Structure formats: structure tokens, C-alpha cells
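As recorded in TrEMBL:
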DOMAIN    1-235  domain 'Deacetylase sirtuin-type'
ACT_SITE  HIS93  active site, proton acceptor
BINDING   CYS101, CYS104, CYS131, CYS134  Zn(2+) binding site
Amino acid sequence: AIHDTEFLVVYTGAGISTAASIPDYRGPNGIWTLLQKGVDIGHHDLSAAEPTLTHMALSALYQQGIVRHVVSQNCDGLHLRSGLPKTAMSEVHGNMYIEVCKHCVPAREYVRTFDLTERTSIYKHTTGRRCYRCGEPLIDTIVHFGERGKLRWPLNWQGACQAANACDTILCLGSSLKVLKKYPWLWQMDRPPKKRPQLYIVNLQWTPKDKDATLKINGKCDEVMALVMKALGYELPIYSRSSDPIFNLATPLHPAEAVTSSRPSLIPPPEDDKELDIEENKDAVVTGYDVRWNEKIQGSDEVNKEFR
């Protein structure tokens, strides 16, 4: 089915990240399941996770032109770290590594290398930092249950809707679909039944879309995707920190901002593992005036190193 598709979109849920030791929500040991049983869920450091086999497989299939768009309910940032470009995905519940200034037009994004949700919660989204351009408070991008996400990026609902309109095949991986089922446009339910996208589901448990699926596999995403890649004849890429785009995208904290976070940061790859491209990075030099610290930024090597 993947081989023959003309336009494949993938909907992913927490089940694709369980192999990275991130708990899902509704599985036997999921967060909601344990909470309903009165079990302490403990503390989970999501920044300790790395992209799984499934994340890397989807990234590879995108590079091959097979996967056209990924709609993810996960906020763990692992799709970004697998190499999927921003425009190829819709992180409809946000990304824990991205904070935004919604006062700038367009909204200005800051990618960090740590979980920036330390001080945020439902209806309380300010991170304690301010925009480097206008000085207004930055907010996280997380969409909690009961909230309606309004940010264009990284939610990218426009891209999700366009992909759904164009697709002929939908692959759902590791999602209970209990949230996504509420968005009929993602399933093209206004089309005649015979013209709706073919639906394939990989999930360990029942989903409300099972009855509509051409095929449902009750299996683990990594095991299924390993077989898929082998059947398609594609080499499965292995995650490497040296190729993780987050380290090139990230903006370091100013020293005065160090007190705004106590979360551990991702450890960058050794300098000799990086392939530094000066031509590609030269536009990242920060120039102008930093409204937070009343400092003139000239783009010198010293300042560029600190702010880039």
C-alpha cells in the first residue's frame, strides 16, 4: 500500500515514542491509565529521549518522496530531531523545544535544547523569557486538553488540512485516535465512501477508526516499520546527534536568562563530529539591538557565538 500510494500522510501518536521510554496515555501503563488507578506516574525527563526507529523511518520515507506530511499529536520534538523539516509536519499539540513571541509579525520562534515547559501549564503559557526583538513575554506552544491552539507554527493546521485534502492514503501509527477522530476533515468524511483515503492503522489497542480501516495491525510501531522498510528496500537510518538539526536551529540562552530554567539541556555532539558549513550558517548572525539587555549587537565573532 505504501509503495503504491500517490500521496501518503501519516498521523502519529504517543505509541511511536514509547520505545524512547516516553509513556503513552491510554496504554496499559499509560499516564491516564495509571492515574485512573491511583498509581504515581513518577517523573519523566522527555529531553532524555532520542528519535526511535519509527521516527527515523518516517524521515527517510519523506526524503524518498513517499511520506508527504506527518500530523503528530506528540509534543516531544522527536519528529523535528529526526530530520523532518518544519513544513512537512503539523505538531498539533505543540513542541516542548519551541517558544514563541506572538507579538511579532510573523510570530517569532525560538528553538531551545531543553524542555521549556517548566513554568507553564494549562492557560498559563509564559516561559519567563522575553523576545530578543520586541521584549514581549515568550510563550510555549503546548496545547493542553481543553485548550484550542491558535499558533500557526508549529501546529500548522493549514498544512495538515491541505495534506488531508490531497491524500489517497492515511497511515496511523501509535495513536488511540480518540482525539483525532473529532476532526472530520482529517479523514475526508465529506467525500463519498469509495473516494475516501485508504486507512491503515498500527496500534496495540482498539481505536474508534478500526472499523473504517483497510488494514489494522495490532503491533508495535518499531517492529512494523522495520518490516516495512525492509519490504520497500530502503536502508533504515540510525539516529545520530551529529545530524540532529535541533543543535543548528537552537538559540542559546543569554547568561542573564540562566535562572529561567533548571531543566537539563540536550548534550551537543563533539565539535569534531559536526560538519560545519559556514556558508549555510552565515545568515544566522544576530545584528541590531537587543531590547532585553540594552546591548548593541554588531555581529562580531564573540557576540555571534553567544547569541546565534
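Note: Cβ is positioned from N, Cα and C throughout, glycine not excepted.
Long-range Cβ proximity for CYS104 (Zn(2+) binding site), meaning a same-chain Cβ under 8 A and a gap of 6 or more residues, is found for CYS131, ARG133, CYS134, GLU136. Ranked by how many other Cβ atoms sit within 10 Å of their Cβ, the binding-site residues CYS101, CYS131, CYS134 place CYS134 at the bottom. Apart from CYS101, CYS104, CYS131, CYS134, the Zn(2+) site neighbourhood in this chain, defined by C-beta within 8 angstroms of the site C-beta centre, holds LYS102, HIS103, ALA107, ARG108, ARG130, TYR132, ARG133, GLY135, GLU136, LEU138. Sequence-distant neighbours of HIS93 (active site, proton acceptor): residues of the same chain at least 6 apart with a C-beta under 8 Å from its C-beta are SER72, GLN73, ASN74, CYS75, ILE142, VAL143, GLY149, LEU155.
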